[in-house]
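These notes concern the structure reproduced below.
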Amino acid sequence: DLMPKTLEGQITMEKTPSYFVTREAPSRIYAMSRDTKLIVVVRDPVTRAISDYTQTLSKKPDIPTFESLTFKNRTTGLIDTSWSAIQIGIYAKHLDNWLQFFPMSQILFVSGERLISDPAGELGRVQDFLGLKRIITDKHFYFNQTKGFPCLKKAEGSSKPHCLGKTKGRTHPNIDPEVVQRLRDFYRPFNMKFYQMTGRKFGWDD
């Protein structure tokens, strides 16, 4: 009921990051419109978890360390999969839930890393997926050194460049390399399954 009415020839877009990991979302979206096209931006799950933690840390500076939240038991190296920062990166598991309702042909996975290194290329894939003419190209972007992200030269209806907000591009805390390696090992089989399911290698294990 909250969605605007879409007229013939229009595309209505809506974004909420938690949809992908919310159990009830696929069935509800399917009930609303089974023709909906779904776009999911994914990035290296280890970097994603650290980024997630960094964001929480900026709001709650007294939370426990990343290392202590990562493990159920540090000695045995057992990862705590109930911590949402870890749980969200198990993409294959979440995708399974969506494939109960939507075929893979209606889901596009966009690489978060390539959005930074080649924004026009990734957005070209998005435009093709949505059946749009490729209007956005390299000439629309410049790289902002301070942010570490590409920015749009100017947003629609404005002469000002458009960059990601203040909360993007925060410096990550230093995490013990051994913990990072444990997480890489933990995610590897899930990543491999995800590559198989999507037919795309994202290069997180290279």
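Cβ coordinates come from backbone N, Cα and C, glycine included.
Record features (TrEMBL):
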type: BINDING; residues: Arg43, Ser51, Lys168, Gly169, Arg170, Thr171, His172; note: 3'-phosphoadenylyl sulfate binding site
type: DISULFID; residues: Cys151-Cys163; note: disulfide bond
type: DOMAIN; residues: 31-188; note: domain 'Sulfotransferase'
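Structural mapping of features recorded in TrEMBL.
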residue : record                                  : CB count, 10 Å
Arg43   : 3'-phosphoadenylyl sulfate binding site : 18
Ser51   : 3'-phosphoadenylyl sulfate binding site : 18
Cys151  : disulfide bond                          : 17
Cys163  : disulfide bond                          : 17
Thr171  : 3'-phosphoadenylyl sulfate binding site : 7
His172  : 3'-phosphoadenylyl sulfate binding site : 12
* Structure fact -> Ser51 (3'-phosphoadenylyl sulfate binding site) to Cys163 (disulfide bond), Cα to Cα, whole Å, comes out at 18
* To do: Over the domain 'Sulfotransferase' (31-188), work out the mean pLDDT and round it to an integer.
  => 90
* Asked: How long is the line from the C-alpha of Cys151 (disulfide bond) to the C-alpha of Thr171 (3'-phosphoadenylyl sulfate binding site), rounded to the nearest angstrom?
  -> 18
* State the Cα to Cα distance, in Å, between Cys163 (disulfide bond) and Arg43 (3'-phosphoadenylyl sulfate binding site), rounded to an integer. => 19
